[in-house]
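To start, the structure itself, in structure tokens.
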Amino acid sequence: MAFKDAALKTWDQFTHVRVNSLNGKCTTLPILTLSSKYSRSFHLSWLGFWVAFLSWFAFSPLVPEAVKADLQLTAAEIGNSNIVSLCATLLVRVVVGPLVDRYGPRQVMAWLLILGAIPSGLAGTIHNARGLYVVRFFIGILGGTFVPCQAWTTAFFDKRVVGRANALVGGWGNSGGGFTFIIMVALYNKLRLDGLSMHSAWRAAFAIVPLPALLLTAAAILIFGVDHPYGRWQDRHKVPVAQLQTSDACAPALHDKDAEQGEVAEQKIEEIITKKDRGMVTPEVRLSSNEKAPSGVDIQAVNQELTLAIARDVILNPLTWLPSLAYMTTFGFELAIDANLANVLFSLYTGRNFGQTKAGYIAGIYGLLNVFARPLGGYLGDLIYKSFGVPGKKYLTLTCGAIQGVISIGLGVYIDRHDNPKLAVVVVLFIIVAIFNEIANGANFSLVPHCNPNSNGFMTGIVGAMGNMGGVFYAIIFRFQPKPFGKAFWISGILTIVVNVVLMPMRVPHR
């Protein structure tokens with residue numbers, strides 16, 4: 001009977017919408033349905049980030065053999081192209097954060113996909129290393145989709161589930177990096193079997209998959225997406241009267257242990273202070289002496305437009321740099337691995353039975369692990385939050401980042417100490433690195449909504465940009481540490497450990 005009740009409760013969490021009446025955010029994860037604006041926004045946010053990878057990392061699996069041979073690239077030029085791509089995304093993420101706060105994540109996501117489709121369609125015009133740098137730089141625009149991806153779910157999901165929501169969309173979106181290896185390698189091989197030359201096959205692959213995928217997804221986001229729980233983005237400061245009475249025709253909000261501990265978000269709105277135009281109102285809650293004031297993430301489904309004063313406050317806030325620096329060491333490392341792993345494996349094991357195809361498929365494992373590892377980080381963050389609050393999320397993030405660094409050192413030392421390192425050992429070690437790496441990423445964006453809840457877009461842009469800055473740092477390490485690459489792994493590991501340990505004493509709010 002207990003098992004049946006637990007199963008029904010779990011099913012309810014993934015199929016029914018429960019809304020926090022104070023901020024309009026969903027307290028469940030209705031991801032097994034498309035009937036509500038919460039579920040549609042959830043799925044469109046990760047899908048937009050997922051298709052971005054189809055172009056952003058499409059070169060990586062084809063570089064070791066096809067692109068390198070066709071364009072007559074050196075190892076240094078390949079490394080430079082990886083760095084150029086990550087640099088572009090770093091710049092875009094800084095700019096995209098304020099745009100999200102002003103125009104909303106849906107519009108920003110759609111237009112990033114449309115803009116990124118232009119250089120994706122021009123990939124076939126590349127004829128030398130310089131052209132590769134230019135096209136990969138502008139394709140890097142697509143990496144900015146991470147910011148609206150995270151900001152969209154943060155605007156729609158309550159703090160009790162926002163860690164899982166952000167981690168799921170981030171993880172499923174990041175898995176596009178793994179699927180890209182499979183899709184692009186398989187498509188390239190099929191085109192070669194159909195008679196296309198190496199020169200034509202990799203160019204045609206870009207026109208067949210990334211370009212239409214980007215445009216179709218952008219259209220779906222504009223047609224089926226919703227800006228905010230309250231409707232239009234410009235109405236995000238207002239609460240419809242109808243919602244206060246019926247909560248979007250959904251079932252009433254759930255009451256759980258958090259509510260019993262003093263959260264007023266789902267208990268009542270005692271008084272409506274100010275009535276707005278067109279039937280819109282702004283709620284204000286009066287607390288009794290034994291109630292705790294709601295936290296910023298309780299009351300905010302609102303992004304403030306960026307001003308110089310707000311930007312200064314966010315930038316000078318230590319809580320901005322805690323998740324940002326941690327993300328630099330985890331997501332940054334993941335980006336560098338996604339860009340370099342196929343080439344590393346191809347260089348270590350190249351031979352008659354190990355070519356571009358096998359290197360690409362094995363390297364794709366790293367990104368594919370995001371399907372469960374990053375969501376697991378968000379789930380653990382929400383779980384720990386119930387007992388240990390925000391500090392629990394912090395320690396989970398930093399501990400996983402430090403463990404990632406330790407295993408990375410082990411991988412690098414193993415490669416350096418063996419002239420012919422066993423492929424199985426290398427694969428097992430980088431899988432372990434990936435799991436802790438991606439759990440840390442998921443836990444990090446379980447922590448982010450607590451840091452600057454009124455500037456969600458700007459905050460997400462900073463954290464995301466720092467992730468890309470880390471990608472540039474780690475890519476430079478791989479660029480200047482040639483075969484057998486072991487030194488690149490253990491240098492990266494040391495950097496990761498140092499940063500995460502230094503961040504441990506930093507204080508965070510309890511709730």
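The backbone N, Cα and C atoms fix where each Cβ goes, and this holds for glycine too.
What TrEMBL says about a protein is an automatic prediction, not a curated fact.
Which of 310-330, 457-477 counts as transmembrane segment depends on TrEMBL, and there it is 457-477. With a cut-off of 8 Å between Cβ atoms, the residues of this chain six or more beyond the transmembrane segment (108-127) that come close are 44-45, 48, 51-52, 55-56, 58, 71, 92, 96, 99-100, 135, 138-139, 141-142, 144-145, 147-149, 152, 203-204, 206-207, 210-211, 214-215, 217-219, 221-222, 225. Long-range contacts of the transmembrane segment (201-226) within its own chain (CB-CB distance under 8 A, at least 6 residues past either end) are made by residues 37, 40-41, 44, 47-48, 51-52, 54-55, 58, 62, 66-67, 70, 106-107, 109-111, 113-114, 116-117, 120-121, 123-124, 126, 142, 183-184, 187-188, 191-192.
For the transmembrane segment (133-157), the neighbouring stretch richest in Cβ pairs under 8 Å, chosen from 44-63, 83-101, 169-189, 423-445, 457-477, is 83-101. At the 8 Å Cβ cutoff, the transmembrane segment (396-416) and the transmembrane segment (423-445) share at least 3 close pairs (sequence separation 6 or more) and count as touching. Summarising model confidence by region, the domain 'Major facilitator superfamily (MFS) profile' (41-511) averages a pLDDT of 84. Here the transmembrane segment (359-376) has long-range neighbours at 53, 57, 60-62, 64, 164, 167-168, 170-182, 184-185, 334, 337-338, 341-343, 345-346, 349, 423, 427, 430-431, 434-435, 437-439, 441-442, meaning same-chain residues at least 6 beyond its ends whose C-beta is under 8 angstroms from one of its own.
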